[in-house]
Each structure stands twice: as structure tokens, then as C-alpha cells.
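Taken verbatim from Swiss-Prot:
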ACT_SITE  Cys135  active site, nucleophile
ACT_SITE  Cys138  active site, nucleophile
DISULFID  Cys135-Cys138  disulfide bond
DOMAIN    83-220  domain 'Thioredoxin'
TRANSIT   1-82  transit peptide
Amino acid sequence: MAGVVRLTTTSVQAIRVSSSFSSFATALNPLQPCLPPNSNLNSDKRLRLLSSSPSCSSSHYHPSSGLGSHLPLRRPKSQVVRVKVDENVAETEPPKWWERNAPNMVDIHSTEEFLSALSGAGERLVIVEFYGTWCASCRALFPKLCKTAVEHPDIVFLKVNFDENKPMCKSLNVRVLPFFHFYRGADGQLESFSCSLAKVKKAISVSPFPQLELGITLQTKRTTSLFFFDRIYQIL
């Protein structure tokens, strides 16, 4: 009987120890939310499961509380930088073909700007190009015109967009593109012709600047000048 009593006492102690371990395991369970309920897994497998579990990959451990809290991960800084770079690239697009001017080329956007540019040129030779952004011949000729402008820095080149200045262009009888006008000081318009860069170079080289005559008499030039400004002021 004494042996039975001792066995019973040992069984009770074993049950208490088992209960204590169960309580301790239950207490640890919140600290390991990613572990599966299988208690036969060794510690290495538990660690691998813990690191590869989706819920653990988005958790952050807080030492102060001893618990893992599920917080959203911050977006990497590299993505933010990439967005800013793309925005800067969009803001700095290369200029259109008609915007690539030589230093002595001026864009004209109105009749007032046109008259002001002619007046400010003084006795310098002024070459006016009438063009269209949609004109294939204008686009093909433009790089050569820019080169000519660089080779003659004393000449003023004015660029008139036909679509932006239709009333003025029509009053000047500009009916084909590209079209060129030559002006100089009080002499007014000296010459006008369409398209050919060879004509532009020939007109420049006919006589040394500033005595550019182009085969036009002084009386003809004065008449042309007065007629031109009368037509311009009718637009205003």
C-alpha cells in the first residue's frame, strides 16, 4: 500500500510539472505568432518558419513591450528618388527644332515686336524668315540658316511664325514658306524671295555690308519702305 501511495504522489508531482510546462508554453505562444502548433519541430525549423512567414516579414519587434506589432513597411527611399528624377526629366525636354536659335536670331510673336526689332536694328542688315512649325522645307532649311547666322554675327535674323502672325504675314504677301525679307535701316525692305538658302547667301554677298544695294535704286527702296510701314500700321 505504501508503494501505491508513493506512486500516486509521484504521479501527482509529474502532473503538476507537466501543467507548469503547459502554462509556460501558453505564455510564450503570443511571442511566436508565426510558429505552427506542431511541438515536435526542432528549434532550427522553427527559426526558418519564423523568418519566412508572411506575417513575420511585416512585423516589427518592440523591446519595451516584448511583443511584435504589425506595422506597414516604409517605401524604400530609392523609389522616391526615382520619381523625382523622372519629374525633372519631364521638365527639361529638349527644345523643338525651331527653338534652337543662334545668338543673333530673334523670335517674333507680334506686329509690335516686329516693328520694334526693325527699329532697334539701326543700320544693320535684317533678314526675316517666315516659317511654319509644320513645314518640312522650313525644318530642312533651318540648320543651314542657323549656320549662316553664326557666320554673320553682324546681321540680325528675325523669325516669324506664320501661324502666330497670320494677319501680318498676309499683309506682307507671304504666301509660301519658307519666305525671306531683307531690311536695312531707313532703306526699308530691300529684297524678298522664297525658300532658297542660296539666294540668302547671294543677297548677303552681293556687296559689302553695310552698303548693301541688291540692284535696287535709292528711290525704289524709299518707296518700298514707306509702302511697307503703311501696310504694317494698318494691322495695328
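Keep in mind that glycine also has a Cβ here, set from the backbone N, Cα and C atoms.
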Cys135, Cys138 as active-site residues, winner by CB count within 10 A:
Cys138
Mean predicted confidence [pLDDT] for the domain 'Thioredoxin' (83-220):
83
Looking only at the domain 'Thioredoxin' (83-220), how are its residues distributed among DSSP helix, strand and coil?
59 helix, 30 strand, 49 coil
